[in-house]
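Encoded as structure tokens, the structure appears first; notes follow it.
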Amino acid sequence: MPWLSPTLSRPATRQGPPAALRPPGAVLALAAGVAVLALVYWVGGVAVGTDSSVYRAGALAMWRGEPLYGPLPEATGGLLFTYPPVAALLFGPFAVLPGPLVWGLLGVFSLLALGTVVRVALGPAGHRLRWWGWAVVVGAGLAAEPVWRTLGFGQVNLVLLALVVVDVLVLRGSRGAGLLTGLAAAVKLTPLVFVGHLWLTGRRADAGRALAAFGLCHAVGGVLLPGDSLRYWTVVVLDPSRPGDNAYWGNQSLNGLVHRLAGGADWALVLSGALGVGVLAVGALVVSGRWRAAAPLDPLAALLVTAGCGLLVSPVSWTHHWVWVVPLGCWLARPLLARPLLAAAPVARRWPPVLALAALGVVFTGWCWWLVPGGGHAELAWTPLESVVGNSYALAGLVGLAAVLSLVRRGRAADRRCEVAAAR
């Protein structure tokens, strides 16, 4: 299936950081627009940014010496701070800014991160794009519900995505490889799965640096915020209900899926944990190359498998956490942007990526959430059709993992046939 493995045979050529990390002009224009909009909101006294208000409230609590994991009066909707203490230290400068400007700053950073991820994920295929082509690609990314919801909430998902993508795909082979992954995992624990990715793909030194960066960040948090650190590691991180209701429709992890299908039964957490272990085991086999004796997965494809497994096994994966759909879409678009390949390729090689991209558009643009009742435990009474629609992200992740398994097994069978033919 060459259309689904555009660079399976060899690692992608690594560009120098200036070329690989330069955001497209369309992104720079959008970032400027968000900055202006934030100023308008500030002058008009408009409250904006649910999650950015939590970051700012956490920073204010830290500077005031108040408990980081107690009620935060400055947070929108009474939301709680769920991040490690080191995240509050990193968010510290937000305390001196008004809420709308914090939202605008995170919006600018997020858009720059989006542009960087798109450029890295497209790789050489993106070199053929002109300004209008970049506008279409970036516009498609913005149409994804995880992206526009991240921007609306003032979330850091796109920034963390860019840290991991740049670290794994661009900084490979450098002395600092692994540090950005460790930093991302220090802000949110879920990127720790990418430390395992580095280890499984043979980058043991990078994995060690990632763990060292992770440990150093939390050590700093422990020294500067000892009380909050103790509470985080002994209470907060062990409380599965703190981020929100496991069965809420917005939780598109295996845990959320099972809780909804099980009607919120007590055994749902155990079953989802067992399924999560199975998903991680399969993902580890695929990423490490042990599932297939031939050439390893393309670096981006392997990273996407790890990301999908991480989203599925995390106790809580809100819909806006699924920003990995952006590099996935870029990866699928690579063969379509390679004009000589497209011109010469038979229909059988052209249609699969087109259909896969169309499926991403159907699932991840957010329209499905308007079709199902949600909140107030309404998810526990979904009909079978509503369950399919309302669990679409988690189901798409499982289908994607199954597709990868099918492809690598076919690839292995094809390699064996070639070996037999060559031996004759």
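Keep in mind that glycine also has a Cβ here, set from the backbone N, Cα and C atoms.
The transmembrane segment annotation in TrEMBL covers 21-43 (among others).
Taken from TrEMBL, the feature transmembrane segment covers 101-122 (among others).
Residues or ranges marked as transmembrane segment by TrEMBL: 129-148 (among others).
Non-local neighbours of the transmembrane segment (154-171) in the same chain are 12, 14-15, 17, 20-21, 48-53, 55, 102-103, 106-107, 109-114, 116-117, 120-121, 146-147, 177-181, 183-184, 187-188, 191, 194, 197-198, 206, 210, 299-300, 303, 320-321, 323-324, 326-327; each lies 6+ residues outside the stretch with a CB under 8 Å from one of its CB atoms. Feature annotation from TrEMBL assigns transmembrane segment to 154-171 (among others).
Non-local neighbours of the transmembrane segment (178-200) in the same chain are 83-84, 86-87, 90, 156, 160, 163-164, 166-168, 171, 206-218, 237, 284, 287-288, 302-303, 306-307, 309-310, 313-314, 317, 321; each lies 6+ residues outside the stretch with a CB under 8 Å from one of its CB atoms. Marked as transmembrane segment by TrEMBL: 178-200 (among others).
Among the features that TrEMBL reports, transmembrane segment is placed at 267-288 (among others).
Annotated transmembrane segment per TrEMBL: 300-318 (among others), in sequence order.
Look at TrEMBL and you will find 324-342 (among others) tagged as transmembrane segment.
The transmembrane segment annotation in TrEMBL covers 354-372 (among others).
Feature annotation from TrEMBL assigns transmembrane segment to 392-408 (among others).
Listed as Cβ neighbours of the transmembrane segment (129-148) (distance under 8 Å, sequence separation of 6 or more from its ends, same chain) are residues 24-27, 30, 114-115, 118, 122, 157-158, 319-323, 325-326, 329-330, 333, 337, 360-361, 364-366, 369. With a threshold of 8 Å between CB atoms, the same-chain residues lying at least 6 positions outside the transmembrane segment (392-408) that come near it are 1, 4-5, 252-254, 256-257, 279, 282-283, 286, 291-292, 297, 301, 305, 308-309, 311-312, 317, 319, 322, 328, 359, 363-364, 368.
The list of residues near the transmembrane segment (21-43) in space but at least 6 beyond its ends in sequence, with Cβ under 8 angstroms from a Cβ of it, reads 98, 100-101, 103-105, 107-108, 111-112, 114-116, 118-120, 131, 134-135, 137-139, 142, 151, 166, 170.
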